[in-house]
Each structure stands twice: as structure tokens, then as C-alpha cells.
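In what follows, a single structure is set out as C-alpha cells and then discussed.
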Amino acid sequence: MATEEVQKHSVHTLIFRSLKRTHDLFVSNQGNLPEIDERLEKLRRSIKAKDGYGLVLDKAAKIGEARKASGAQTPGDKPLAITDGSAVDAASAAGSLVKYNAGARPAEKTAPLVAGTHTSLVRASLANSNGDKSANGTIASHLQLIPKKAPSIPKPKWHAPWKLSRVISGHLGWVRCIAVEPGNEWFATGAGDRVIKIWDLASGKLKLSLTGHVSTVRGVAVSTKHPYLFSCGEDRQVKCWDLEYNKVIRHYHGHLSAVYSLALHPTIDVLATSGRDSTARIWDMRTKANVHTLTGHTNTVASVVAQATNPQIITGSHDSTVRLWDLAAGKSVCTLTNHKKSVRSIVLHPSLYMFASASPDNIKQWRCPEGKFVQNISGHTSIVNCMAANSEGVLVSGGDNGTMFFWDWRTGYNFQRFQAPVQPGSMDSEAGIFAMCFDQSGSRLITAEADKTIKVYKEDDEASEESHPINWRPDLLKRRKF
């Protein structure tokens, strides 16, 4: 007896047929919801009530029983209404809004308001303007409807435009960091040629070169209380230089990789450094002890700043977060995750209790001490390497492509932008700004650039509000919370 040949189908065909049969079976009642089992629904509600309100459930039941026994009205018995306060019948009390009309007598009811004509209700008990008394002898209180005032966007303050004043060349590598001395007589720069140079601020002449680092110098800071200069670099070294002898007197050992930023605490003798080992470290200036290692970031910590009030240490990292630290405990008290890309720069405002953080997506302003978001400053779309702020309310940001943007701190208005000119003989690709800072007076801006020069900018004395007017168009979407 010959066996019949079974037709073989691919797995794909068989699965498709199976799916089609299932679909045909259930297609008639596909949109129907499953029947609700009342017993199960009651059980679910009681479990939810016990879970959420277990501690006060019995009290609520007792109050309800007591109300029933005394015959008192329960809160849900009567519909709520906003009325003008005078005696009105129950029918009209069922929910019409009465518009305040100063000239009308209490008996003359104005027509109920049409929904959507006003933006907000503000309760105001005002006397009748004619001094009319109501039937019971009291002056009728009215509900006044005042439209809510729209939040006003402040107008930006006028700032003079900035212009290039001096170009200083002398370094043999990219200039990576700047620090101005507290007396405002000289400033220090560190570069890829491993040398720290001291320059006269007024004349731009070289005063001194300090050698000792074996790799790029990434950070310099001058102490306000001691004759010390601190420096850090890609050689993992943090050095303290005595400027009376121009020699290194202390080394701070502990970083496991390149050190990218350092900051001095303004009131206590501690030093904060941060780097590529994803940590920030707090050092005792005198004993060289590593007091705290601030861990929590998951990538290079590119920027660290210190201030006298809490949060005393703020760090920005390539993991796109900003962290606020408790210096006494050595712990992170707040992590700001609003940025989408790496944060390369943080700047404190000299007089306001605020700071700004820069990332390629946005510059964001925050209010201390809790790190409350204030506003976005959008427009500088390149990688923002550095920022500086002065007490006049000028915020400057410098980009990796050599662009400089000048902003009004309060409103985020961009009043000037330009491309920094490269030194003759340099390639255009070397137009990058790595660091910037204002001098102590806030009237000179010093930038460190990729064309191996230091540029000094000053305000244009001849400019006025007439020659450079504010072209301000408030952007309503500017204060988006992200």
C-alpha cells in the first residue's frame, strides 16, 4: 500500500497560517473588554485602601458613623458655589460666578461670566463704591475677577561691545589655562610646551618662565593669602610654587591620570583638583594630605570651582552631569542631570549667588545652594571649552572652533559674537579657545588659544547705546525646563 506524500511547507508559512486561524477565531470580539467581576473589583479597592490609608481607615469609618447618628450634613451633600456673599436663593447658589461691578447695587446681579474670558480668579472683599448697605446693614463683599498679569521677561542691560586690544605670543604649544594675580599686576598661563609663564598685565611683557612639569600644564591658580602659585597637568602632578623663590615647594600626589582643573578655596587653606580619573580631590594646602576623594562621576571631571558658601565645591564632568558637594562630609549633595552632553566648564558669578555650566547643547544657569535651574542660554552650538563672568553681568563663552559669544547674564541676551582672529601663519583649524578669565577689575578679558597666543580684549570706549542698540526679541520658548 503506497503512502501519500505529505506536502512540506516552510516554517514561515506554517506560523503565518497558525496566526491567521487565531485571528479569524477572535476577530468578532476583538474590541470587547473582559467582563468586570464586581466581587474582585471590590476586593481590589479594599486592598488598595488598606495599603494607602490603613492607619486612618478606622477613624474615617467612626467619623462617618458619628455624622449619621447626629444627622449632620456630610460635605458632599450640597454643591459648592462661588457667590458674591449676599443672601441669595438656593437655586442661584448652585454654581454661577458673579462678576464684580462697583456701581451696581447688591440686588442687581450681573450676568454669569462666560468660561474662558478671564485667566484667573482672585478673591477680593471690596466695599461697594457708593457705600450702599445691604438688607442686613453690612457692606456686601464681592468676588472680584482680576486677570492674572503675564510674567514679564526683563529687558537686557546694555553692555559695550568688546574689541581685541593685544595679542601676546611666546608659548610653543596650545595655551591651556590662565590665572590673574589678586593684585591685578600680572597673570600666569600654562601651555602644551610644559612651561608656566608669568606676564605683566599692563604691558604684556614676559616676566618669568617656570619649568618643572613634564607634560601639558592644564590648570593654574594664584593664592589670595599666600605668595603661592598652584599648577596641575597631564603628568598627574599638582605642584605648589613659592613665588618668592620661584621654586616648587610641595607636590600633591594621588591622581591616577591627567589633572585637568584646579581651584583654591577662598577662605580655608584647601585645594580642589579634578581630572581624567573621574574624581575630584581635596588637598590640605600645608600638609599635602588628600582630605577627600570626591567620587561619583563616571567620566572625566573637566571643571571644578570652589566658593566660600554652600555648595563649596561644584564639578562638571564629561558624563554630562554637574555635582554639588558637601566639603565637610566629602559627599555629593546634588546631581544636576539636565545637560545632554559633556560639561566642560563651570563659572561662578562674582556677586550673585549663582553659577553657569557649559555644554555643546546649552549654557545653563543655576541658583545656589540647592542647584535650582534658572534658564537656558542657547546659541553657542560648538563645544564650549570655557566661560568667564564679571560683576557687570557679562558672561563670555569660548568655543573649540574659535567663536566667542558675549551674553547678558540676567536675560541670556547675546549682545556680541565673533570669531577670534588666528595668528598670521597659523591654520584656520587652530582657532580654538581653551581658557578665559577677566582681570580683577572686570574690564579686561584674557583668552588662551590654540594658535599658541594669549589675546587681551577690552570694552570699546567709543560705543554707545545709539551706535550699538539692543536688538532684543524675547524668545518665549527660552525658559524651557530642560
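Cβ from N, Cα, C; glycine included.
Where the annotation comes from TrEMBL, it is an automatic prediction and has not been curated.
Here is what TrEMBL records for this protein:
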REPEAT    168-209  repeat 'WD'
REPEAT    210-251  repeat 'WD'
REPEAT    252-293  repeat 'WD'
REPEAT    294-335  repeat 'WD'
REPEAT    377-417  repeat 'WD'
For the repeat 'WD' (252-293), distant same-chain residues with Cβ under 8 A (at least six beyond the ends):
215, 218-221, 223-226, 228, 230-240, 299-308, 312-313, 315, 317, 319, 325, 327, 330
Which numbers of helix, strand and coil residues does DSSP report for the repeat 'WD' (210-251)?
0 helix, 24 strand, 18 coil
Per DSSP, what is the residue count of the repeat 'WD' (252-293) in each of helix, strand and coil?
0 helix, 21 strand, 21 coil
Secondary structure content of the repeat 'WD' (377-417), with strand meaning DSSP E or B:
0 helix, 23 strand, 18 coil
The repeat 'WD' (168-209), counted residue by residue under DSSP: helix, strand, coil:
0 helix, 24 strand, 18 coil
Model confidence over the repeat 'WD' (168-209), averaged pLDDT:
96
Please count the residues of the repeat 'WD' (294-335) that DSSP assigns to helix (H, G, I), strand (E, B) and coil.
0 helix, 22 strand, 20 coil
